[in-house]
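Asker: Swiss-Prot lists these features:
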DISULFID  CYS3-CYS19  disulfide bond
DISULFID  CYS10-CYS22  disulfide bond
DISULFID  CYS18-CYS42  disulfide bond
DISULFID  CYS24-CYS40  disulfide bond
Amino acid sequence: KECMVDGTVCYIHNHNDCCGSCLCLNGPIARPWEMMVGNCKCGPKA
């Protein structure tokens with residue numbers, strides 16, 4: 001299965017498709033909301 005490269009926007013439904021991790025700007029507390037609004041992007045594995 002192909003994975004999404006760093007910089008690709010990741011949402012709740014596809015956050016596991018990142019090659020690395022799905023990183024959100026405001027940290028884990030705001031994560032569900034951030035993912036819904038598209039503020040999270042794939043990045044290096046944590």
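Every residue number used here counts from 1 along the chain in the order it is shown.
Positions of Cβ are set from backbone N, Cα and C atoms, glycine also.
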Asker: Can you name the disulfide-bonded residues among CYS10, CYS22, CYS24, CYS40 whose CA is within 10 A of the CA of CYS3 (disulfide bond)?
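Answerer: Near CYS3 (disulfide bond), where near means Cα within 10 Å, there are no disulfide-bonded residues at all.
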Asker: For CYS18, CYS19, CYS24, listed as disulfide-bonded residues, tell me which one has the smallest number of other Cβ atoms within 10 Å.
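Answerer: Checked CYS18, CYS19, CYS24; of these disulfide-bonded residues, fewest Cβ neighbours within 10 Å: CYS19.
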Asker: By a simple count, how many Cβ atoms lie within 10 Å of the Cβ of CYS3 (disulfide bond), its own Cβ left out?
Answerer: 11
Asker: Using a 10 Å radius around its CB, how many other CB atoms surround CYS42 (disulfide bond)?
Answerer: 22
Asker: In whole Å, how far is CYS22 (disulfide bond) from CYS40 (disulfide bond) when you measure between their Cα atoms?
Answerer: 6
Asker: Provide, as an integer number of angstrom, the distance between the C-alpha atoms of CYS19 (disulfide bond) and CYS10 (disulfide bond).
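Answerer: Here the two Cα atoms lie 11 Å apart.
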